Structure formats: C-alpha cells, structure tokens
C-alpha cells in the first residue's frame, strides 16, 4: 500500500515502526501486546495513519486492551480530534479504568473544555465503580478553576475530604490554587495554613492571589514569609511583587525590584517588562515607564495599553493618542484598557468629538463598553458643559449607570451651576447610595448657588434627622 511521505511528521525510528506495522498487518500477524503499537500511539502519528492503527485495534480485538485504547484517546486528542473522536473512542471502550478516565478528563480540561471535564468526572463518580485517585482530583480542580464554577469546586473539595485525600500534597495544593483562582482567599489561606509541607508554587499562588485581589499588604506579608522559608525568588514572584508595589505606590521598593530584575535577568521577558512598566505607571513616573517600554524586546497589547492608560489618566492627550496610533500601525489590536486610556485623555482635554470617535471605534473591534468607559464619556461631556447631552447619554445607556457614571455628570453640574440636571442626577445617586453625605452636600450647594436657600436648609435639616454626616477631612498641620 502506497503512503504519502511523512518525513516532516516522523522521526526515522517511528517511520520504520509504521512500515513494520503495515508489513505485519499484511501478513495478519497479531500479538496481544505489540510494542510497536504503543510506540506509534505515543508519537501521535498523523490522522490518516492513526485511523489505520484504530482499525487494526478493532479488527484484532486489541481494542480491549485498556492501555492501548486509552493511548488511542490521547493520540486523537493531540491531533485536535478530542471532540467527537476521542470521546467516541472512550465511550466505545469495553472497559474503562482510572487511567482511561484520567486521560479523557485531563485532555478536556487542558483543551479548554472545563465544564465538559467536570461533567465527565461527575459521570464517572455516579455511574461507574471507578474512584478518583490523587491524579484525577488535581485535574478536575484545575477544571473548576478554569470554569470558575464555585459550586463544583466546593463539591469536589467535599469529595476530597470524604475520600481521605486531605493529606495528599498534590490534592491540597490543587485546592489552594483553585480557591485562589476563584478569589476565595480565606478558603485558600485556611488550607494553606493547615498544610504540613508547602512548596514555592503554593507561596507564589497565595502571594499572587492577594495582589490580584488588591490585597497588597497581605501579599507582601506572604512574600516575607516565603523569603523566611528559604525559597528562591523567580520572575513569577517578581511580577506579583511589582504589582503590589504599584498598588501601594511604593516607588522606592518598586525601583529595588526593578534593579533586582536587571541584575538577575540577562533579558527582561514580556511579563516582567509589562509589570515594571505598569508599576511605574501606577506610581505616576511615566518617564521611567516609557523608558522601560521602549527598551522591551517584545511588546504586546498589555504593554501598550498600560502606558496609554497612564498618559491618559495623567492628562497627556498628545502622548496617549500618539501611542494609540503607533500601536495600530504595529498591527496590535486595542483592548478595553487601551480605549479607557484614550477616553480618559479625551475627558482631560475636553475633546467630546474625539471621545465619541473612540467610543464608536470600540464596536469595530467587538469590544463591549464597560461602565468605566461610559463614565469617561460622561465625564468628557460634563467637563465641556454639555450637561443635558450627558444626562441623555445616561438615559440611553444599555445598562444601568453606576455611581461613577452619574457622579461624573453631577460634578459637571456643580462646576457649571446647572441645578435642573444636577437635582435629577443627585436624586438618582441618593437613591443608589442613601447614606453617602457628599451627594446631599453637593445638591444643597447647587440650591444655595441658585438662591434656593430654603430648599438647601431643608435638605441639611433632613440630613441631621437621618444622622447622615460628611466624614471630616484631616490635616497634617
């Protein structure tokens, strides 16, 4: 039988094995445990050759060999035939053990079908006599992390305890990482503290989890504990440490971490470069951020967006727009953060038409505006004194405006003394946040500025009766 050349797909030993297999098949030679089949399946032959192997297994009844059949499932998955081919092979296996279940559950999890992976696990638990081992549970916990299915994660946790896997380092580590990924840091910390042995992966996960949730101080405490335990620091830890420094505005510490990275790393990778740039942006040291950005060997949308947002929030309209245009010229598509940067720049510059241009451009990139994008546009219109238009913009929003969006319009009303719009927006905000004194104070100020002193005094009296008071400011003098 003539087969197309596969020199680009196979090493010489594998090609020889397949030639031997074809010759043996032609002579109807069969064994119960042919090593060539294991080797061919392991090396993931192309789809055509794999179908030959599949047919041979069926014809010679070697399909009943659970290891061979499981390897066949894995081989199809490696060729991106996970669904439906791998799954079909799996369900047609005459016998399935934990090895075969682990393969199908793991492959669905690794291929991005987390929910399907969870469904398979639950089916194994309910419909078969097979019970999970300490390889199955980390696989399924990883799937729960990816799918953010908290209910499934809690259920698997209960099963882990019920089956006696609480002492397994593999399972406990997977549980900690799952809860970190879901943002349930109290659960993760309790498990972490109860573990007799902890490795650098766990410390890094906890540290990163705290920083991702904005708990920079708790993250730094975990970092110190990690250092006291003698674990080596790597680039993953440094990324989280830089994020913590950025959140706290700890420029001095951020510079120290930057120096450590330069001394230890011959070339800053993309993630480290992005983290250093973002740290300087959050500390409002944009010259340093730009220098790091320019010297990066590779930049992605995160690199560009971080700097564009920094200049936008700083009010540097020219630089924000310039970087946006350069990014598009390099063929990098903007994301939601990129547009937030240029919209913030528009708001600072009072560029209403430009803000509408960028806001509409989001649709061309299939980016659904978030509330913060609406807030930036509303802020831009309000700063320009277009308060009736801004109010209409709020009314036409496809989602209910939040405090930031309405607050931007109310601030504009305060600047321009627009009592009519300000009164309507303030009442919406008071309904949303009835205990927030600043909205009452702003509305009372609008009444007073318009000469409506009785209404202003009535509102202040009502605040006293409801015990709504503004938190007094502090002075260091």
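Yeah, the Cβs are placed from backbone N, Cα and C, and that goes for glycine too.
Database features, via Swiss-Prot:
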- 405-477: region 'Type E motif' (REGION)
- 65-96: repeat 'PPR 1' (REPEAT)
- 97-131: repeat 'PPR 2' (REPEAT)
- 133-167: repeat 'PPR 3' (REPEAT)
- 168-198: repeat 'PPR 4' (REPEAT)
- 199-233: repeat 'PPR 5' (REPEAT)
- 234-264: repeat 'PPR 6' (REPEAT)
- 269-299: repeat 'PPR 7' (REPEAT)
- 300-334: repeat 'PPR 8' (REPEAT)
- 335-369: repeat 'PPR 9' (REPEAT)
- 370-400: repeat 'PPR 10' (REPEAT)
For the repeat 'PPR 5' (199-233), sequence-distant contacts whose Cβ falls under 8 Å of one of its Cβ atoms, 6 or more beyond its ends: 169, 173, 176-177, 180-181, 183, 185, 188-189, 192, 239-241, 243-245, 247-248, 260
Intrachain neighbours beyond the repeat 'PPR 4' (168-198), with Cβ under 8 angstroms and 6 or more residues off its ends: 134-135, 137-138, 141-142, 144-146, 148, 150, 153, 157, 160, 205-206, 208-210, 212-213, 215, 218, 229
Whole-number mean of pLDDT values that fall within the repeat 'PPR 4' (168-198): 93
Residues in the repeat 'PPR 7' (269-299) grouped by DSSP into helix, strand and remaining coil: 23 helix, 0 strand, 8 coil
Cβ contacts under 8 Å made by the repeat 'PPR 7' (269-299) with residues that lie 6+ beyond its boundaries: 235-236, 238-239, 242-243, 245-247, 249-251, 254, 257-258, 261, 306-307, 309-311, 314, 316, 332
Secondary structure composition of the repeat 'PPR 5' (199-233) [DSSP: H/G/I, E/B, coil]: 26 helix, 0 strand, 9 coil
Residues of the repeat 'PPR 4' (168-198) by DSSP state, where helix covers H, G and I: 23 helix, 0 strand, 8 coil
